Amino acid sequence: MPTVDDILEHIGEFNFFQKQTFFLLCLISAAFTPIYVGIVFLGFTPDHRCRSPGVAELSRRCGWSLAEELNYTVPGPGPEGQCLRYEVDWNQSTLGCLDPLASLATNGSPLPLGPCEQGWVYDTPGSSIVTEFNLVCADSWMLDLFQSAVNVGFFIGSMSIGYIADRFGRKLCLLITILINASSGVLMAISPNYTWMLIFRLIQGLVSKAGWLIGYILITEFVGLRYRRTVGIFYQVAFTIGLLVLAGVAYVLPHWRWLQFTVTLPNFCFLLYYWCVPESPRWLISQNKNAKALKIIKHIAKKNGKPLPGSLQSLRPDEEVGEKLNPSFLDLVRTPQIRKHTLILMYNWFTSSVLYQGLIMHMGLAGSNIYLDFFYSALVEFPAAFLIILTIDRIGRRYPWAISNMVAGAACLVSVFIPEDLHWLRVTAACLGRMGITMAYEMVCLVNAELYPTFISCGWPDCWRISAVAPRNQREDFA
């Protein structure tokens, strides 16, 4: 009885149907970028200072430059100047234009400072959630909460939506995540206050990364064995392309609401995948739905212009498998070998995610230009994908995976001790760290896919379920 891989060898392992589906699903991978790292632009914190009534009028009357205005009216650089103000009535007519505060200080004592009761002035031509909702100083923790809400959504969504994908199908789950993600993204863009914005961002986190991973599952289940690793890696390269596009879109649209609208609306187009992307025949077979699987296989053969093997056409669908497989979270720890894999992958998913997000937000290659900084740091990811393709089939997975983690950790550790004046060395360390963690992140997706059988869902904290499509002997060889 032929397997799906045997059939794909006859009807095409990576022909027109697979290439078309791969391109469509790569669009989902690229569209996931604004949710995963969009905080860089949505939550950008520009230089700011307390808004003091009368300062603008005094500055205009005296003809001060911005530097002179800051020197005369702001307590100082750093947090003090950003979060405190002189408790002075700037509207009084006795203030002069040359060091106006000198006449107010008695006996050389410093002037009293107070909180920014009138809000802040931000040195930026655009807007972000920080500037609109004043998420600075005492309320700066609310910006961290905004990003934490997404990560909490990733955590909860992995344990619920991943299970749905295993139980009710990849296509249904993909369409549900697309609809919820697009709707909550638009609602976030029109949120009237911080609370509603936080709620809709949490909802996006619940479904967005699960949708990205379901796309990974589908494309690796549609292609033949020889192409599985390659499409998995290039699916993640599409995410990198999304980083480059995001930098350009954010530069053109510096206002966060318009940016959120622009990066969210294309997600509604993905609902058309209902007619473009079929269900995974591998999942259908694992659920004893062989008639539907046979219908999809015939569709793939027709799109590829290849004939079906005669042996397949004479099979009775019900003879394909015996029992319907019902996934369970306990399958992740049921045997010592699977339990070991699960714990290792949980730890590596966690460390890779934390370090990747940290580096992507604090690269610092282009100084104060956040757009070039983001763009340059994304370019570093392309060599990482190239190195994976060169090494995994020649020296296996263990060594590239281990070395990439060690390089990323060492580069980040060394960068702490590099002096500020050695900018070129800091950039080199940052690039090595980003390249290493990108390799580790892409490798963990690949290894995750090869260690688990098709019906197991790896849905614990960021140890995401990616269906195993490698043959059993490959999984045992890695172990």
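Each Cβ is built from the backbone N, Cα and C atoms, and glycine gets one as well.
Not measured: the values here are computed from a predicted model.
Your range for transmembrane segment, going by TrEMBL and the list 145-165, 439-459, is 145-165.
The stretch in 21-44, 145-165, 231-252, 399-418 that contributes the largest number of Cβ pairs under 8 Å to the transmembrane segment (258-277) is 21-44. Take the transmembrane segment (196-219) and the stretches 21-44, 145-165, 172-190, 231-252, 344-364: counting Cβ pairs under 8 Å, 145-165 has the most.
Here the transmembrane segment (172-190) sits apart from the transmembrane segment (399-418); fewer than 3 CB pairs are under 8 Å, leaving out pairs fewer than 6 apart in sequence. Away from its own ends, the transmembrane segment (399-418) comes close to residues 348, 351-352, 355, 359, 384, 387-388, 391-392, 425-426, 429-430, 432-437, 439-440, 443-444, 447 of its chain (Cβ-Cβ under 8 Å, at least six residues beyond either end).
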